[in-house]
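Novice: Dumping what Swiss-Prot says about this protein:
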BINDING   Gln11, Glu74, Ser143, Val147, Thr148, Gly149, Asn209, Asn231  GTP binding site
BINDING   Glu74  Mg(2+) binding site
REGION    431-452  region 'Disordered'
COMPBIAS  434-452  compositional bias 'Acidic residues'
Amino acid sequence: MREIVHIQTGQCGNQIGTKFWEIISDEHGIQPTGEYTTGVEKDLMELQLERINVYYNEGNQGKYVPRAVLVDLEPGTMDSVRAGPHGQLFKPDSFVFGQSGAGNNWAKGHYTEGAELVDSVLDVVRKKSEKCDCLQGFQLTHSLGGVTGSGMGTLLVSKILEEFPDRIMVTFSVVPSPKVSDTVVEPYNATLSIHQLVENTDETYCIDNEALYDICFRTLKLQNPTYGDLNHLVSLTMSGVTTCLRFPGQLNADLRKLAVNMVPFPRLHFFMPGFAPLTARGSQQYRALTVPELTQQMFDAKNMMAACDPRHGRYLTVAAIFRGRMSMREVDDQMYNIQNKNSSFFVEWIPNNVKTAVCDIPPRGLKMSATFIGNSTAIQELFKRVSEQFTAMFRRKAFLHWYTGEGMDEMEFTEAESNMNDLVSEYQQYQEATADDEAEFEEEGEVEGEYD
């Protein structure tokens, strides 16, 4: 089987990671104790168990154990996961934690405190990987604004890549926003992390607290959304994005196939996820949605989990995952209509850049749903926002002594800043590129070659 090792780091990473395990355990019929309860229909049972090995190991007495590693620099988060409803699901040796915490300092997570803990984490990752028949890759949930998730999370990514250079690395990264800020130095932590992710990951889903809050206020009409509400939205998206990996299907059935379809240039692997229909926790969707409504909602800027407007950029590639009993023909027609009506929002130099998959099993409580993964040049808005905040502080060298005190060099900040600005320019370059530009690029290349 094509197994995935899941790693969750830091408080945010552990909270969204645990919520993800709750939701997929429910979809696969796995109880909080790890036991499988037989599906009502035999067909459903086969679908639930056919690819269960992608995320679970089968333990003794027929129990299923998540192939997960839970990491934090302080024990608090682990205690709350253990005490939670699904705490019994994880093996005790999957928890790796320090005692100190990293006090919102990226350098502590990446160079000092985190570096001391990283070997114990790699041991657990190694053990889990060795038990796999055919490991396809790793997925990491973390936030970029905190410390353990950003500093230690990116350290883990680079260490794992050293050992498993040919496996796929996917991250679900929560990007900080000024509206929902825990600490002043979030722009520093995020910029230093993105500097690492650009080079070291194959796919990064950008989840944005600002977008999640907007969805809670505008769409779900929640007056005081909690982190629980935000995590609920994230876990819906994660469940949707991983549907093709967990259930039998043809399209994007493993991480590498998804990467090949979605990433036209290696650095441009930051995706904008979306979900439809959006529902609040605990509420049931009473009105059944039609496929046209789902498709419309899915492409709507208000449904995006990253705070950027796709209408300000162009889609390089798109993957859509529909779930529930529906007509494939209708899905294809609707997707075709969207592309035709909005052709200016899709780059014309990648033909067939929208891929659609359909899975029969809908999420709990819904008749049908759709998950959207877009590689859009509009994601540069998100990087610009972080970059502006970074520059404002870095120009005054504010808070820098906390980082240099842990052995970091100012040069690393300058490099991270310019790498992020380069990323923004690359997105801009491909946003403006047209199919006719190709000939010009080739001619330039030939001329340069002559002068070499």
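Just so you know, glycine gets a Cβ as well, placed from its N, Cα and C.
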Novice: Within its own chain, what residues at least 6 apart in sequence put their Cβ under 8 Å from the Cβ of Gly149 (GTP binding site), listed in sequence order?
Specialist: Thr9, Gly10, Gln11, Cys12, Gly13, Gly109, His142, Ser143, Val174
Novice: Looking only at DSSP and grouping its letters into three states, which state does Ser143 (GTP binding site) belong to?
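Specialist: In three-state terms, Ser143 (GTP binding site) counts as strand.
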Novice: Which value in Å gives the longest Cα to Cα span across the GTP site residues Gln11, Glu74, Ser143, Val147, Thr148, Gly149, Asn209, Asn231 as recorded?
Specialist: 23
Novice: Restricting to the chain of Asn209 (GTP binding site) and a gap of 6 or more, list residues whose Cβ falls under 8 Å of its Cβ, or answer none.
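Specialist: Expected: Val174, Val175, Pro176, Ser177, Lys179, Val180, Leu230.
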Novice: What are the sequence-distant neighbours of Asn231 (GTP binding site), meaning same chain, six or more residues apart, C-beta distance under 8 angstroms?
Specialist: Gln15, Ile16, Lys19
